[in-house]
Amino acid sequence: MILALPLLLALAAALAWARRRYAVVTVDGESMSPALRPGDVALVRRVRPSSVRRGQVVVFAERPPPEVAALVPRDRAWAVKRVAAVPGDRLPPGVPASPGQPGPAPSGALVPPAHLAVLGDNASRSHDSRHYGCLPYAQVRGVVVRELRKAGERR
């Protein structure tokens, strides 16, 4: 019994550390198909947004600007998209220079500091930076590090 208490405390500390560092998300929607499909379960590592690199898949708090909020379903708190550009990169085609600006940014416009341009892999089913501009670092929750389960699989 004496050994059980330290073991339980160590286990509780490890679990608390893991919960602060990782999250498990279930994909809802087709914006990242075929890489991630509805029902897929992914492990997300919480990171400093400045460490995110082009090509990584990020999870973020979905808070589009008010002028385009009607385009985003209200029941979604987090979104999953691929980073297309980081601060200082040229804005991808179709991404406005600022939220609510009609049309794409002028040629040569850059992603502003502390922002990311994020796009869904399935463009026709995605609400992303083409709709609401670049994503502020403050909304980034983490990067997908591993797919834990495909939709429909049992483990």
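Counting begins at 1 with the first residue displayed.
Every residue gets a Cβ built from N, Cα and C, even glycine.
Positions annotated as active site by TrEMBL: SER31 (among others). Every protein chain considered, the tally of other Cβ atoms within 10 Å of the Cβ of SER31 (active site) stands at 22.
TrEMBL lists LYS81 (among others) with the feature active site. Secondary structure at LYS81 (active site), as computed by DSSP, is strand. For LYS81 (active site), the same-chain residues 6+ apart in sequence whose C-beta sits under 8 angstroms from its C-beta are SER31, MET32, VAL57, VAL58, PHE60, VAL118, LEU119, GLY120, SER126, ASP128, SER129.
TrEMBL lists 93-105 with the feature compositional bias 'Pro residues'.
Feature annotation from TrEMBL assigns domain 'Peptidase S26' to 7-90 (among others).
Annotated domain 'Peptidase S26' per TrEMBL: 109-144 (among others), in sequence order. For the domain 'Peptidase S26' (109-144), the residues of the chain that approach it from at least six positions outside its boundaries are 22-23, 25, 29-36, 42-47, 49-50, 52, 56-65, 68, 71-72, 78-92, 94-101, judged by C-beta separation under 8 angstroms.
Per TrEMBL, the feature region 'Disordered' maps to 88-107.
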So what's the mean pLDDT when you look at the domain 'Peptidase S26' (7-90)?
86
The domain 'Peptidase S26' (7-90) - residue tally per DSSP class, helix then strand then coil:
24 helix, 24 strand, 36 coil
Could you tell me how many residues in the domain 'Peptidase S26' (109-144) are helical, how many are strand and how many are coil under DSSP?
10 helix, 13 strand, 13 coil
